[in-house]
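> Reproduced below are the annotations present in Swiss-Prot:
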- 25-45: transmembrane segment (TRANSMEM)
- 70-90: transmembrane segment (TRANSMEM)
- 93-113: transmembrane segment (TRANSMEM)
- 134-154: transmembrane segment (TRANSMEM)
- 174-194: transmembrane segment (TRANSMEM)
- 205-225: transmembrane segment (TRANSMEM)
- 245-265: transmembrane segment (TRANSMEM)
- 268-288: transmembrane segment (TRANSMEM)
- 297-317: transmembrane segment (TRANSMEM)
- 343-363: transmembrane segment (TRANSMEM)
Amino acid sequence: MLIWLVELSDKVQLFNLFRYITFRAGAAMFTSALIVFLFGPAIINSLRVRQGKGQPIRADGPQTHFKKAGTPTMGGLMILAGILGGSLLWGDLSNVYVVAVLMVTLGFGAIGFYDDYLKVTKQSDKGFSGKARLGIEFLIAAIAVFFMMKMALASAPHGGTLGSSIAFPFFKEFVINLGYFFVLFGAFVIVGAGNAVNLTDGLDGLAIVPVMIAAATFGVIAYLAGNAVFANYLQINFVPGTGELAVIVGAVIGAGLGFLWFNAPPAAIFMGDTGSLALGGLIGSIAVATKHEIVMVIVGGLFVMETLSVIIQVFWFKRTGRRVFLMAPIHHHFEKKGWTESQVVIRFWIISVGLALLGLATLKLR
């Protein structure tokens, strides 16, 4: 919103700063963190009063989790408030990518909110119907991908088809044009990312830090991919307009830091599906916009690992009646093995940092 003040920069030199994405990304981070810090306590108290027993605790989960009974959920509302505030204030709302990513974030957040609401009111870990939830997620994601694809095709240099193509790391020229089938592929990436983060969110601080790490990584990628000079130097695909997504990433990091203040063990609040679905969808959307969907598998490798552990567990149990892991997602397996919660969380953070660095390395290895 404030970017429009650039038009007055000839009268007020200070407004010229709003021209720079890096400045606005930093300002968005500060703004979103401030919003969460200021309104977080009131939101937590309100949710605690309204929810009573808080988020239901799985009966088959680790014994250490029962002491968390009564902790309110839906903390994603705090995160969404920060992201929305920082993005609306400092982002370019005329940018199609910005609007599409925010649409996915809010849409997935609304789905997660309804899911959390059902779980809290029923005091059950069974919320929104799985098929209905996935169907709505795919619809929201497909609409966003369609508009991002159209934007990428319209702005592609020399009438290229990058917007409807899958790009691969290490090989700039190797792309596969899917045509309109790219909408389905992109929607799958976004929905997969949203639900992968959702599965990861099971311990205090476990999901939010890897989310910030992955978001920061894609913020760098978005900034570079949206800059013709940097994209040409690194031999990555140039996608005009995606640099503006770095501002949203700044808001994500700020909101994430603010939320972590309250989510650090012992957590005063859980983000719930409200936050995890929204954040995962946001990261997946940026990966699709910047044509780094495959790199998403590397950068978000922790989320992929958590998801695969559930898929393997369910598949093998249905097939043989036996379990591969003591409990899934895999972070619970390590708890059952005797790791403390802090050991699991910090070690998974370390894995996230390593995967993020590996993902960034793909930008240079061509």
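Placed from the backbone N, Cα and C atoms, the Cβ positions cover glycine too.
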> Kindly say whether the transmembrane segment (245-265) and the transmembrane segment (70-90) touch, using the definition of 3 or more Cβ pairs under 8 Å where each pair is 6 or more positions apart.
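Yes, these stretches are in contact.
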> Report yes or no: does the transmembrane segment (268-288) come within contact of the transmembrane segment (134-154), defined as 3 or more CB pairs under 8 Å with a sequence separation of 6 or more?
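Contact between the transmembrane segment (134-154) and the transmembrane segment (268-288): present, because at least 3 Cβ pairs are under 8 Å.
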> If we skip the immediate neighbours and take only residues 6+ beyond the ends of the transmembrane segment (93-113), which ones have a Cβ under 8 Å from one of its Cβ atoms?
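Contacts of the transmembrane segment (93-113) (Cβ under 8 Å, skipping residues fewer than 6 from its ends): 1, 74, 76-77, 80, 83-84, 87, 128, 133, 136-137, 140-141, 143-145, 147-148, 150-151, 190, 194, 198, 241-242, 244-245, 247-248, 272-282, 284-286, 289.
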> Under 8 Å for C-beta pairs, could you tell me which stretch among 70-90, 205-225, 297-317 has the largest tally with the transmembrane segment (343-363)?
205-225
